[in-house]
């Protein structure tokens, strides 16, 4: 069908009708200017916040014919009043560009970047034939890029970065003979790069990275003699780099990383004397690094990582005096590192890990005072560690593991105030570990395991202010543990296994932060200190293969999160305290090869591996196939009951007896009697406690969707599993597999026997609340599938989330993402949480207040999408009238709660702000370094109040050195500070928080296993894109932007 020609007046007619009241008194003055009507059509067609077009108003007095020339974003010609520049960038606009934009016929500059414009790209823009700059980057335009751009014959700059275009790259771009900058990066273009692009003789900048382009690289691109920046990485090309690219004599930046290229590196690239950045990583290049590359005297950044290169580092690299970044990781390179590399005056980053290098490291490495990070792990380096590595006190990451380094650690490292992460395991280092590491205020991670260190473990490790991980296992200390080791303020994981330690285990007083303690395979003796109950966060305790004696402290069973206990291969005696049978968290309890007697506790122990109790001749019970002699053990219990009828004495009772005995001077016989009494009190626990009597009635299942299992299925599954996913203030969560194979999460709310709280439930209130929660449906909310209840217990049935929680991701220490990918994922999680809370606050009737928002209540589904859990559950339980109910968790509770004892939507906003601060800083909501009584909110505000560099607050491991990520983190910091305002009235509603977050959302795209992080055409900084190899530190690679 043939298109009709439509006159401008007819096109504008509907708009005139719409605006008729507006011009009722002003029609003559404004003369219905197409300039005005085109701009007003933009205003009416695009949606955005009120501020977007706040000053785009037409006066009713008719005093200004060209009123639009004073509007924000609009620049007019001084003579004709025609619009020559229109900048609507970063206004949070959405919608589609109206056809009336074509009547801005004098427009030279049009910037629509940083919005959410969508749909096909409007061809009406191609009618703006005078345009010299067109920026549509960071929007959501989709479909194929339409033909017609060649009509913009004066165009110099075209930026379409980060959209959703697909199909082939437009070939008619090649007809833009004045074009200097071309950016089609970050979309989904496919096919080959048009060879005709090689005819753009004035082109200085081309960016096609982050698409799905394929085929061979066009040799004709070598004809772009004015080109300074070529960025075409993260595509799927094949073949080699054309030798014609050596003709790009003005090229400064060249990036073909992650492109599936192969073959040898072209010798001719060594002729690019102006080249400053050369990124060829993650390809299939083979052969040696050409010696001609030593001619690249301007080179600052060189990354050949993750290829199949062989041979050695060219000796001429020692002459690259401007080089700051050298990364050759994961190749087959060998030989020695040229000595001159250590004397490069600007070198800040050296990555050589996972090669076959030999010899010693350059002895002057770091002497330039600028070295910041070095990783030479997984090679065959020998000799000593250079003492000059931290000469400028800027080194923050030093990774040396899996080599053959020998000699002592340089004492200079103990003065390296910048050091954050130090890994030197699996070497041949010897001598004494120098004192001083404990004074390093930034040191968080130290691994010196599997070396030959001797003498004493430095006691000052216990004073290291932020140290979280310390591994000294497999060494030759032959000394006692430092008495103060458990007082380390932030130490979470401590391993000194198989290190020839002797003596007794120090008392556990002060053991507040430890998650894992590994002391197996030593020669420790004495008893296990009873005050291990101080280790409140302990998950894993391994004291196996030592010479420990005495009884097993019942205090271990009271640790709220303890999961793995290994006391095997010792000389322990007595019985296993019955308290362990009621533990809800223990999944492993290995006491094999000891001298234990008596019954194995029932309860949760019934599902443990029988081998955990082997080689204890005196143990009895079903697990070891030996029936217990009830008369023998009952007699023993009766004897104890005669002395302690009212309640079994705990450790403190035994301690009192010891004190009294010493005080009155009664000697040996009284001590024996007290000891016997104390040991018998442990035996009494075999038959005591932990049993719930009485009839609790039948189970009832209330389902909120169709379920393929029954209440009995749930109860039976829980009776057979000890797979605890978590435990909190409201109950314990189990992973349960139903008979049909479906996996769900079951939250058993605390009953009346939880500690001494004597919690009771209001039956009707519970059911009413559950009914409200069961009807919540949102993609960012964990779905409540149903509820099982009886007279004494309530269990909530949720969909199972396989990827753990945000707390695991932030603080679990298992980094499986790159820095850029992790930040992007965390930002998306933050948005997901905001969307979920926004739904609860603004779309539910009645409004649902979460009451306990924290990272452990934010779960991650199979796609790492955030799902808010435990919303409203805190209202389902209450304590006796004499007990006070604390709504929320320490560190996340809004300050006004202290005097109002009320929780509302603003309380959730505060908790959400704390979560954002945890994401930004990498720290927990409460840490010792914040000072007594202070939270992360106080700490951040104190840092900003003292005018410390805001970047010092940002998490180093999250890529804060990357300009784009750094600015995004600062933006999130501003939002977090708003949310954690002391006054509730100053906190924005979650709807506004969500809007701000979405406006500042980072533009990232994933292709395969790679995250594309590419910057704006006008941004000449660099992004760090980090990859993780199993067992390695984060490896940073860079993508120029």
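Just so you know, glycine gets a Cβ as well, placed from its N, Cα and C.
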Selected residue, Swiss-Prot feature N-linked glycosylation site, from candidates 442, 708: 442
Of 298-302, 303-307, 308-312, 313-317, the range Swiss-Prot labels region 'CLE peptide binding': 303-307
Position flagged as N-linked glycosylation site [Swiss-Prot], chosen from 590, 803: 590
Distance, residue 332 (N-linked glycosylation site) to residue 378 (N-linked glycosylation site) (CA atoms, angstrom): 12
Cα-to-Cα gap, residue 78 (N-linked glycosylation site) vs residue 542 (N-linked glycosylation site), nearest whole Å: 80
Residues satisfying Cβ distance under 8 Å from residue 430 (N-linked glycosylation site), sequence separation of at least 6: 406, 407, 408, 451, 452, 453, 454
Mean per-residue pLDDT computed across the repeat 'LRR 19' (536-558): 94
Outside the repeat 'LRR 21' (585-607), six or more residues from its ends: residues with CB under 8 Å to it: 544, 552, 557, 559-579, 613-624, 628, 633, 683, 686, 690, 720-724, 727
Close in space, distant in sequence - residue 590 (N-linked glycosylation site), Cβ under 8 Å, 6 or more apart: 544, 565, 566, 567, 568, 611, 612
Residue 590 (N-linked glycosylation site) - helix vs strand vs coil (DSSP): strand
Residue 378 (N-linked glycosylation site), number of other Cβ atoms within 10 Å: 21
Inter-residue Cα distance where the pair is residue 92 (N-linked glycosylation site) and residue 542 (N-linked glycosylation site), in Å: 55
